[in-house]
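Everything below concerns the one structure shown next.
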């Protein structure tokens, strides 16, 4: 990769900016729309256990990211780590997998946004189009999701600092709403509401655990934008670890708050349990529930925004190194953003609402597998580099590094097995596996395209070089011939 090209990025992101990018990405919208599903599937303690297990895995992975990012603060994150440790082909698989995770979240939010508006404006659904997997798709619903996607695309087009400012404001507001819910549940909730603590035993815990990588993804956005961060490299590692711990605490807090506020029957019948929980602990106030919904909309915006930043930088890094077509490596001359990569992600997310509300689950599960595969390869890269390059400067050096790295590898490998056929939470055919296979095919097409373009450029350069050499030789021969002719005339 060309460092010269990378130097075109501007270091404008502060400590607060990158903390908001990571934490805002990790809390997202799932805490509003999916908490009831987690509690119904595993019970309060079962859901908390699942998120704790997922959090342990992500914390170990986060430690590997922290060290690698401080050691190699280059745009692209996973791409840079895996390329140095495992080579070009493995790096392509690793980075293409994390991009699927990012694109899945971006598309997820494009579907989630019109979904949440149904709770505020139930009559806005107009223009029935068709039904997919039991859900009706309406023209107004599609237009809201697609138009919102275009707006987020435009925000990211005009510079990362603009996106970071939006992220900071909205993340702060979400945190205030979550803490308010927790306070209300602590003082006005009822312990008896929390039962049963476990539902469906181990299978319930695994069913929730399989969704946690998708919920926790976000801290890895930091290394994607490493060349736009204006803080010491050692501090970058600390912020990654801190953001993971904050996200684990957040999800545990929300699960506890909802379970304490609503009984099992209320959770089972609720369409949006977090909003109903806020309403219950504040005396049935409909305004309280709407505040949570607004917080959910804010969560959509923070995740949407963060993964636009992360996904576009990962695509840029791959294109810059010749793994994707070179047009995806173009930076805007004024705003210093990877504009073509942003437009590509924007196009995919704008299309997502056409596939209906079922895409929420499909994208979550398919994206979760892709994320864990990438985490696995980053963890392997961490172990390989500890052995292969022990003297590499590491401003943030993880204590007991080999233990941390190997543990991260084992935990990620076990999580991958959960998604596979025969696993306790295997992906659904054809929808979820179809997303995985379709992404693989797209990656192969882009890879072949990039290599073909690269080969043509090399051929053109070779032919140009030969032509220049022939012209030089001809000029030299002509000069010698002229001298000889002049000598003979004399």
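Every residue number used here counts from 1 along the chain in the order it is shown.
Cβ coordinates are placed from backbone N, Cα and C, and glycine is handled just like the others.
Unlike curated records, TrEMBL annotations are generated automatically.
Just so it is clear, the model here is predicted, and its values are computed rather than measured.
Annotation comment: TrEMBL describes 20-39 (among others) as transmembrane segment.
As annotated by TrEMBL, transmembrane segment applies to 45-68 (among others).
Within its own chain, the transmembrane segment (89-117) has Cβ neighbours under 8 Å at 25, 28-29, 32-33, 76-79, 81-83, 124, 141-142, 144-146, 148-149, 214, 217, 220, 272, 293, 296-297, 300-301, 303-304, 307-308, 310-311, 314-315, 317-318, 323, 345, 348-353, 355-357, 359-360, 363-364, 366-368, 370-371, 373-374, 377-378, 381, 435-436, 439, 443, 447, counting only residues six or more beyond its boundaries. Per TrEMBL, transmembrane segment is recorded for 89-117 (among others).
Taken from TrEMBL, the feature transmembrane segment covers 137-158 (among others).
The transmembrane segment annotation in TrEMBL covers 165-185 (among others).
Here TrEMBL flags 205-223 (among others) as transmembrane segment. Counting only same-chain residues 6+ beyond the ends of the transmembrane segment (205-223), those with a CB under 8 A from a CB of the stretch are 18, 21-26, 28, 30, 34, 38, 41-42, 46-47, 49-51, 53-55, 57-58, 62, 65, 68-69, 73, 76-78, 80-81, 98, 101-102, 104-105, 198, 229, 236, 239-240, 243-244, 247-248, 251, 303, 306-307, 309-310, 364-365, 367-368, 371-372, 375, 415, 418-419, 424-425.
The feature transmembrane segment is assigned by TrEMBL to 235-256 (among others).
Under the heading transmembrane segment, TrEMBL lists 291-316 (among others). If one looks beyond the transmembrane segment (291-316) by at least 6 residues along the same chain, the residues whose Cβ comes under 8 Å of a Cβ in the stretch are 20-22, 24-25, 27-33, 75-79, 95, 98-99, 102-103, 105-106, 108-110, 112-113, 116, 119-120, 152-153, 155-156, 160, 163, 166-167, 170-171, 173-174, 177-178, 180-181, 218, 220-221, 224-225, 272, 274-275, 277-278, 324, 328-329, 331, 337-338, 341-342, 344-346, 349.
The feature transmembrane segment is assigned by TrEMBL to 337-356 (among others).
Same-chain residues lying 6+ beyond the ends of the transmembrane segment (362-385) with a Cβ under 8 Å from its Cβ atoms: 30, 57-58, 60-61, 64-65, 67-68, 71, 78, 81-82, 84-86, 90, 93-95, 97-98, 100-101, 103-105, 107-108, 111, 210-211, 213-214, 217, 352, 392, 401-402, 404-406, 408-409, 412-413, 415-416, 419, 425, 427-428, 431-433, 435-436, 439. What TrEMBL lists as transmembrane segment is 362-385 (among others).
Marked as transmembrane segment by TrEMBL: 401-421 (among others).
Per TrEMBL, the feature transmembrane segment maps to 433-450 (among others). Sequence-distant neighbours of the transmembrane segment (433-450) (same chain, 6+ residues past either end, Cβ-Cβ under 8 Å): 92, 96, 100, 104, 319, 322-326, 362-363, 366, 369-370, 427.
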- Item | Of 20-39, 45-68, 137-158, 165-185, 401-421, whichever stretch has the most CB pairs under 8 A to the transmembrane segment (235-256) | 45-68
- Message: Under 8 angstroms, Cβ to Cβ: which one of 20-39, 45-68, 137-158, 401-421 has the largest number of such pairs with the transmembrane segment (165-185)?
- Response: 20-39
- Are there 3 or more C-beta pairs under 8 Å linking the transmembrane segment (45-68) with the transmembrane segment (401-421), counting only pairs at least 6 apart in sequence? yes
- Take the transmembrane segment (45-68) and find every residue of the same chain, 6 or more past its ends, with a Cβ under 8 Å from one of its Cβ atoms. 38-39, 77, 81, 194, 197-200, 204-209, 212-213, 215-216, 219-220, 222-223, 236-238, 240-241, 243-245, 247-248, 251-252, 255-256, 375, 378-379, 381-382, 385, 394, 396-398, 401, 404-405, 407-408, 411-412, 415
